[in-house]
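K.L.:
Here's the feature list from TrEMBL:
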- 6-28: transmembrane segment (TRANSMEM)
- 40-59: transmembrane segment (TRANSMEM)
- 79-102: transmembrane segment (TRANSMEM)
- 114-132: transmembrane segment (TRANSMEM)
- 157-306: domain 'Palmitoyltransferase DHHC' (DOMAIN)
- 209-229: transmembrane segment (TRANSMEM)
- 236-257: transmembrane segment (TRANSMEM)
- 269-288: transmembrane segment (TRANSMEM)
- 308-335: coiled coil (COILED)
Amino acid sequence: MGVEWVLVCHGLVTALVVVSFLCGRWPIFEGTFIQRIHYFLTFGFYDYFLRFVGAVFGAKGADAVLSVENFCCDRPNPLLQIIYLAIIGSTYYFVVKSCFAYIPGYYLGDFHRYTSFLAVAVGILLFLLTSFSDPGTVKAQNVSHYLSAYPYDNIIYEEKECSTCKILKPARSKHCSICDRCVARFDHHCGWMNNCIGEKNTRYFMAFLLWHFLLCMYGTVAIGLVLAGRLKELKVVYILTVYYGVENSFLDLAPHVVQWLLGSYNTQILLVVFLAIVAMLLAGFFGYHAKLCLSNTTTNETYKWQDYMDWQRKLKEAQASAEALKQSINGMTSEKRPVVSKWRSFFRRSPLEDVVVVKNNIYDKGFINNIWEVISPLSTRRTLTQTKLKSS
Ligand SMILES: [Zn+2]
Ligand SMILES: [Zn+2]
């Protein structure tokens, strides 16, 4: 098997593992082998490993593994932060090592040596900002402030006390069990950032996702242009057509050019594949969060709404079927039964199909206001502080 096929298989396996691991729970993959690979990577593998350790080293070995799991997954720890820095650092190192020799090149100016460094530095800065900024911790001292910023909707949020912090839980907040604190407008706990994503750092998190998507796209296009430049500078097409007698058409030249690139520039090709896959994943993740921001919802609230809608749907379905049953009993007992045409009864919709559940999100104030709320969090606005001062 040639080097190029090893590289193609490597790329496909990497893509499959990364996509299955990160996106395997998406509804479009339900029932597919991607979902099964996801299950194996996230749960099955660990379960087999735990049983293996238990069988070989006994209960003490299994306990040791469980305490490591507790440290890695249930307590704040910098493991994924270190992995992020290692990934971005090593990727940039390989880009510098394999591509900077060809910059400036036929298509790329000298300044890309500096802009690439700047782009990575901004990425790391956004990472640090998201990781170490306050997500909007709710404490006894500021709880009244958050309570006035986020009123209860009495649908998915009702007045309730946090059983751990012993303070009132403002609407849209949640107690993070990993960080052990209540966070305003809680979105999720991000392991990569080792921090909660909440009211005050959603803006940095969104900027981080968008910037890293652009960074990966920049890398993909720039390395692509480095390779295109090498093709031009070494007159590969000219040599292939004149010396090797290859027909001067795209379809005839493409396999030879790809073979030449895979043979001479395999590191750069691997980097392009890796960056393109990460860019696609980041685009999906950013798109999902942008949709939430535009409708002023959080990841945490999507689950709450899902539960509420399911419950409402079941309630209304039960009411509709009770009503239908009542009507049919009435119909059977009444002497004068209305004559219903067979055609009409055939096309009549079931009462269950008419069940409509409306999602009434009172926090949704229109696209512009919703985006502004992410950029300038409600609790940090001066108007809110002034109204509070006036009322007190
Ligand atoms: Zn709490
Ligand atoms: Zn947290």
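Cβ coordinates come from backbone N, Cα and C, glycine included.
Keep in mind it's a predicted model, so treat the numbers as computed, not measured.
So where do these features actually land, and what's packed around them?
P.N.:
Residues of the same chain lying 6 or more positions beyond the ends of the transmembrane segment (6-28) and with a Cβ under 8 Å from any Cβ of it are 34-35, 37-39, 41-42, 262, 266, 269-270, 273-274, 277-278, 281, 284.
When Cβ-Cβ distances below 8 Å are used as the criterion, the transmembrane segment (209-229) is approached by residues 91, 95, 99, 102-103, 105-108, 112, 116, 119-120, 122-123, 126, 261, 265, 268-269, 271-272, 275-276, 278-279, 282-283, 285-286, 289 of the same chain, each at least six residues removed from its ends.
Within the model, the coiled coil (308-335) carries an average pLDDT of 84.
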K.L.:
Taking 3+ C-beta pairs under 8 angstroms (sequence gap of 6 or more) as contact, is the transmembrane segment (114-132) in contact with the transmembrane segment (236-257)?
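P.N.:
These two stretches do not touch.
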K.L.:
Per DSSP, what is the residue count of the domain 'Palmitoyltransferase DHHC' (157-306) in each of helix, strand and coil?
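P.N.:
The breakdown for the domain 'Palmitoyltransferase DHHC' (157-306) reads 91 helix, 14 strand, 45 coil.
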K.L.:
Need a quick answer: max count of Cβ pairs under 8 Å to the transmembrane segment (79-102), which of 40-59, 236-257, 269-288 is it?
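P.N.:
By the under-8 Å Cβ criterion, the transmembrane segment (79-102) pairs most with 269-288.
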K.L.:
Report, as numbers and ranges, which residues of the same chain sit near the transmembrane segment (236-257): CB under 8 Å and 6 or more residues beyond its ends.
P.N.:
230
